[in-house]
Amino acid sequence: MKAEQDGAFFEEDSSTENEVQTNQYSSISPPASPEAQDNAFSTYFEEKVHIPESVNQTFSFRKLWAFTGPGFLMSIAYLDPGNIESDLQSGAKAGFKLLWVLLLSTIIGLLLQRLAARLGVVTGMHLAEVCNRQYPTVPRIILWLMVELAIIGSDMQEVIGCAIALNLLSVGRIPLWAGVLITITDTFVFLFLDKYGLRKLEAFFGFLITVMALSFGYEYVVVKPDQGELLKGMFVPYCAGCGPVQLEQAVGVVGAVIMPHNIYLHSALVKSREVDRKNKKEVKEANKYFFIESSIALFISFLINVFVVAVFAEAFYNKTNIDVNEECNATSIPYTNLFPFNNETLEVDIYKGGVVLGCFFGPAALYIWAIGILAAGQSSTMTGTYSGQFVMEGFLNLQWSRFARVLLTRSIAITPTLLVAIFQDVQHLTGMNDFLNVLQSMQLPFALIPILTFTSMTSIMNDFANALLWKISGGVVILVVCAINMYFVVVYVTTLNSVLLYVFAALLSIAYLCFVGYLVWYCLVALGVSCLDFGSRMQMSPSRPIDIYLLNDMDTDALVER
């Protein structure tokens, strides 16, 4: 009897009339009032972009233009200094052979971003807000801390990338710590551009992406990579003659492209468009245009990444330190001491990469490279700050002023970055970058598992919940991506050569795997695997719709009234 009543509840709530659909999630989850929703919205965007109406049009360029923006902001995470460093190392260590890994990673990233955008469009809430309403208190706090760690790790790479670019542009006159302070200051300034209009802010990000495309495109034209080898490396999924070094680099490419905080970011950015979530047709249309826009944005980011890989694959694959040392000595580039006089294979990062380009292709190549890195670091630092605001506001349900939240999120991320910049030399940051990549790889399940869980629940997504094929394929993709990143972590840990660190890593791994296991169990129970529900939290019979119990913050009065 109870199950029948619940079934009637869901059937009634998902009914449509004249293409109008009431979204169950928004109607029973706080904030209940439109005023509260508007107030929450105004803390990060003060306007919503109007979507023009079109009559009986399957596709409209005017509508696509109106929806254009969130996907390009999201795509900046695919172009941050950590990604650029991964690209150049991929080219220098494996030539063109790992371009297919980059292509496959970008496609997987697009599919995951599709889930994030759909969650934001259908529910009107971003992923952090949904997590706040679905998970119990302790797991929710742990999840928030893990995502914050990912944001801090990403932010350190981005800010230090800006600082390195400023150091190169000033020929070493601006030290690393000063570059960090400059980046912090101008980030605060740029973040308030949306006061002049959301579209102007999005246009500014578009300008920075254009700068990156022109900068790295210039390097591509100057170096003139072999187009045949490039296409072969992109579309032939094979790595001839590759060893452990190339395998680790392939894993690093996947880890650099798919970033956890970007899932949270994209689910929030799509809320900046005027979409009537009660109208099924409008929601479906928004999902379509956001997917098209995201595809275009990630295609552009992929091309920019290919520019970087191809430049270093063509010019520096199989090069040794002595080759670079001799070339730099023959030029006026004041960085010859960076490369020892030996026959070891050349190792580069975004700092040494710019120097090597300057030695082989002239000072213009160095400075244009630095401009591209500065644009990448500045844009990704800004979007990283937005991610921090959304995550903190959603998980903790903060109602602070905009300035207070920006100040707090920047302080959390910048403090460790400034300490590194003060005590670490600009020439020896590769080890730290490897550690940060591992840190972010470990946090990946804490975005991928929740996004698959909630986009598969009919109580949240209604008719837009993942179909069986998406559930299975999404689960397989997430499993593969997480396994690849865990391999990356294991490889890194084995290089530590310390018994104490091994023991600490083992204990940390046990706790980590237990929490990931909890999220997986939660996901499977939400997807209907009732045999896994041991009654510890979800007291239900097998015939009862499982996902209703995941709405643990229901408005009880609203349910009674219904």
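Even glycines carry a Cβ here, placed using N, Cα and C.
Curation does not apply to TrEMBL; its annotations are automatic.
Some features that TrEMBL has for this protein:
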- 17-30: compositional bias 'Polar residues' (COMPBIAS)
- 1-37: region 'Disordered' (REGION)
- 99-121: transmembrane segment (TRANSMEM)
- 174-193: transmembrane segment (TRANSMEM)
- 205-223: transmembrane segment (TRANSMEM)
- 250-269: transmembrane segment (TRANSMEM)
- 290-313: transmembrane segment (TRANSMEM)
- 355-376: transmembrane segment (TRANSMEM)
- 407-424: transmembrane segment (TRANSMEM)
- 444-461: transmembrane segment (TRANSMEM)
- 468-493: transmembrane segment (TRANSMEM)
- 499-532: transmembrane segment (TRANSMEM)
Mark yes when the transmembrane segment (174-193) and the transmembrane segment (355-376) have three or more Cβ pairs under 8 Å (sequence separation 6 or more) and no when they do not.
-> no
Result, the transmembrane segment (174-193) in contact with the transmembrane segment (444-461) (3+ CB pairs under 8 Å) = no
For the transmembrane segment (290-313), what are the same-chain contacts with Cβ under 8 Å, counting residues 6+ beyond its ends?
-> 64, 67-72, 74-76, 78-79, 83-84, 87-92, 94-96, 98-99, 102-103, 106, 109-110, 113-114, 117-118, 121, 209, 212-213, 216-217, 219-220, 223, 225, 229-230, 233-234, 266, 270, 348, 353, 357
With a Cβ cut-off under 8 Å, give me the same-chain residues at least six positions beyond the ends of the transmembrane segment (468-493) that come close to it.
-> 108, 111-112, 115, 248, 251-252, 254-255, 258, 434-435, 437-438, 441-442, 444-445, 448-449, 452, 456, 501-502, 505, 516, 527
